[in-house]
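Only one structure is covered here, and it is reproduced in the block below.
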């Protein structure tokens, strides 16, 4: 085990005795806990036009609980995978849960696939990624497409076994996520795609058999990686590993998952090139490499600049540099004769929304930002809102941007202040909202309060207007994606589309039909389970303080009301999680540890668009203006996608818009 990269034979001998036969006495309580956290999820029923199947999470949790009781589930690992698959069926990137046995080993293999159209207009086929590279070199005769995996039609296997677990609301985005991502290297994420990683899950077989159209076969053998963060691999049986990974109260000096570092050892295979190694040198970039400006080499496209933004996961001082780099890039492009702009957001999974708003304002400094959100009006949120709104008043309220449960903080979708006179005015429920019990509409937050010189939204709060006039008109801007645009990325694209900016997207399922540019979550706000725990803890402290206050002592009616709220909070709230990852175990209030790395979350607020203020934006289908299949050149040289996109979006029909698979409005 010293290499920490365990070959398949060892995986079978060791893991079948350790992971797959974990002790299993506590998982029913874990399912009950998950159901309490599940009540925070904001979205309701999807309309018939929604492309992905819907799932009743609470009913699913109840079915899992029954399987535990009747003995159908036999191990902790089986339970954790079943719960993970249920959560993933919501196709909501903001809804995630980190389960203890799934965070021990990461399974993967070294044979990534890719979906390629040989000429760009014919339907793409599946190829081993290395074969696509050979195809690009011209050796087409030696290459054969993949037609089967483990005896099943290959596309069916990939979409039904793996893609359904990936959390994107759009099936084309899920399909693209199966394959290598050239932008993954900028953010340090796995570059080979979900087919090669199986989301870290045991694939169910020690050998995966690929059959090619020419009749040949290839056996793929998964391996397991032991993360260095788990500490030394010195466990001799399943009981010992279970106690370390899943039970609080470890006697170790370090809590499982708290060791520094990433993964020990290197894969026994080469990952597809990604990040800076596969893109040309940028003209301008930030120190984190998340913002990069390029010019196109094609002589016919010298008036086109490309601004590539691979993530919005930044904060603090990095936010200021992020903003300054975008401003510098736009200024440079404008001053060097660039009249057209491609904004490449491929693989951008979102992050901090403030830099996203700032980007929009630098492109459209004369346009105010409108944001509309709602939360589900539940009993528990009502208790929290009453606690926070009663405590934070006047100037104090302005200091509290999160939680957005103090009515004094809330502003209208158009940033009007003082529109909610009480918590009831915000909580609702809105009588005009049909079908679900939802709050009244309000903005993400007050931009005037949130925007600072360190974390600016151009022209709001203390941040000056970074760019005073438009440098590019809407018809001269196009957004490029691979469908894997989510959260803050989705918000940015939505704001740009409202101004008339067009979108072009690459890849997707092998069908000649439209594809969405934004295939990831389009929720209004993600709350981690630790955030929820922090708000519950604070609300409990505030109510206890109010209960013993002088005012309550003098007013028995008020004291009784506060006591009732405190009791209701204790009845409805889920058990507390540690407020930071890997906190001391005495913070835990239930018997199983989960969320070791602090990634579990729910979608707290829905987002809405002006054209439809009663259907969550998550459920609204929005086709890209142009869709393109990936050619071998696009796979090997991802920067070539910019040439294709620019010719399609800016060149007119004579320059190549016929290459759009589904022509909508170019």
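A Cβ is built for glycine as well, from the same backbone N, Cα and C atoms used for every other residue.
Note that this is a predicted model, so its numbers are computed, not measured.
According to Swiss-Prot, the feature signal peptide maps to 1-27. Here Swiss-Prot flags 70, 214, 234, 555, 612 as N-linked glycosylation site, drawing on sequence analysis. According to Swiss-Prot, the region 'Peptidase S41 domain' annotation covers 303-504, on the basis of sequence analysis.
Around residue 555 (N-linked glycosylation site), a 10 Å sphere centred on its CB holds 13 further CB atoms from the protein chains shown. When the glycosylation sites 70, 214, 612 are ranked by how far their Cα is from the Cα of residue 234 (N-linked glycosylation site), 70 comes first. Rounded to a whole number, the C-alpha distance linking residue 214 (N-linked glycosylation site) with residue 70 (N-linked glycosylation site) is 47 angstrom.
The average pLDDT computed over the region 'Peptidase S41 domain' (303-504) stands at 92. Straight-line distance linking the Cα atoms of residue 555 (N-linked glycosylation site) and residue 70 (N-linked glycosylation site), rounded to a whole number, equals 52 Å.
In the three-state DSSP reading, residue 555 (N-linked glycosylation site) counts as coil. The Cβ neighbour count for residue 612 (N-linked glycosylation site), using a 10 Å radius and every protein chain shown, is 12. A Cα-Cα distance of 45 Å separates residue 612 (N-linked glycosylation site) from residue 70 (N-linked glycosylation site).
Secondary structure at residue 70 (N-linked glycosylation site), taken from DSSP and collapsed to helix, strand or coil, is helix.
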